[in-house]
Amino acid sequence: MHHFDFLGELSLIVAAAIVVILIFQKVKLPAIIGLIFTGILLGQSVFGIIKDLTLIEILAELGVVLLLFTIGLEFSLDELKRLKEIVLIGGTAQIVATIGVAALLLLFLFPLFGIVLSWRESVFLGIVIAASSTAICLKLLADRDELSLPHGRIALGILILQDVAIVPMVIAVTFLSPTADGSLVKIARDLGLLILFSTAIIIGFQLAMPRLVRLLAEIHAKEALALGAILLCFGSAYLTSLAGLSLALGGFIAGIIIASTDESHKIAHSVEPLRDALTSLFFVSVGLLLNLNWSYLPIYLLIAVGVIILKFIIVAVISSLLGYSMRESLMGRHDAGRKLGEFSFV
């Protein structure tokens, strides 16, 4: 696509998004929903105006990385360590329970509707259902200033672990393929190498990033600090992607490490405009990627309601067992698992 064509389509997306957001504000609906709806209107589901999504997807991915980076800047490593119980126990239990319960329901209930799935297909769909959208959930929490509240912490802990769990999920999906020829030994070896590589990267980040931030601060130029922040954010995302982890997780890790420096607030302020613009493109791109067959709308709604109820119950129960109040459990569940994630779209 010629770059001028791309600018025209980008301008159309921005103009349409502004109009839709204004309409959604009038009816008291979140701007995020308006952005996704904009993508649905402009994409193949309705008008089919935007066809080449290559550059849009790249910009959108950068927006998610910046979003997680700025959220990381609001936390310290000590605060994250205090979440280890809900991260390790609650997050793992949520993923395993959701996959197991969803797979069983798909295996035994779908035949009642004339759809017969094998156990491999049921487990695969269970993995898809288990993932939630980190970007959407955390953006909603940030917009409502609820990330520091107990239910916000529950949601954050579960979402962090889900991002880390993408690697074993992808390996599991590959192993479930009927044509898969990988052995359990090979899978264990690959996971071990990924863990070692990821650990080395994180240790390197902890040693290097605070020093680099202090060096940038000594330049006394806000442009240098802003560009340095973007370098650390995107560089971290790239390195974590080499380990098989998500780009967004790399941005989040960079944010938490830099949060301990004196310049963290200046850095957050310097990247906010770019973050907001690119994150908006991400939500539009979600709608653009959808190709809805409107004749199946009742089925879409039924599946969506079923997924929401299933994940609502599972995370509420797990959070309650970990000692959170019922209100905190329900709120945390409401935020952490009501949406399918980017991995699910893939």
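Cβ atoms here come from the backbone N, Cα and C positions, even for glycine.
Predicted automatically and left uncurated, TrEMBL annotations should be read as such.
These come from TrEMBL:
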TRANSMEM  6-24  transmembrane segment
DOMAIN    14-331  domain 'Cation/H+ exchanger transmembrane'
TRANSMEM  31-50  transmembrane segment
TRANSMEM  56-75  transmembrane segment
TRANSMEM  87-117  transmembrane segment
TRANSMEM  123-142  transmembrane segment
TRANSMEM  154-176  transmembrane segment
TRANSMEM  191-209  transmembrane segment
TRANSMEM  221-239  transmembrane segment
TRANSMEM  274-294  transmembrane segment
TRANSMEM  300-324  transmembrane segment
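Taking residue pairs at least 6 apart in sequence, the transmembrane segment (87-117) and the transmembrane segment (274-294) share fewer than three C-beta contacts under 8 angstroms. With a cut-off of 8 Å on Cβ pairs spaced 6 or more residues apart, the transmembrane segment (300-324) and the transmembrane segment (87-117) reach 3 or more such pairs and are scored as touching. Here the listed stretches are 6-24, 87-117, 191-209, and the one with the most C-beta pairs under 8 angstroms to the transmembrane segment (221-239) is 191-209. Outside the transmembrane segment (56-75) by six or more residues, the chain places 9-10, 13, 50, 134-135, 138-139, 142, 147-148, 156, 229-230, 233-234, 237, 247-259, 264-265, 267-268, 271-272, 274-275, 277-282, 284-285, 288 with a CB less than 8 A from a CB of the stretch.
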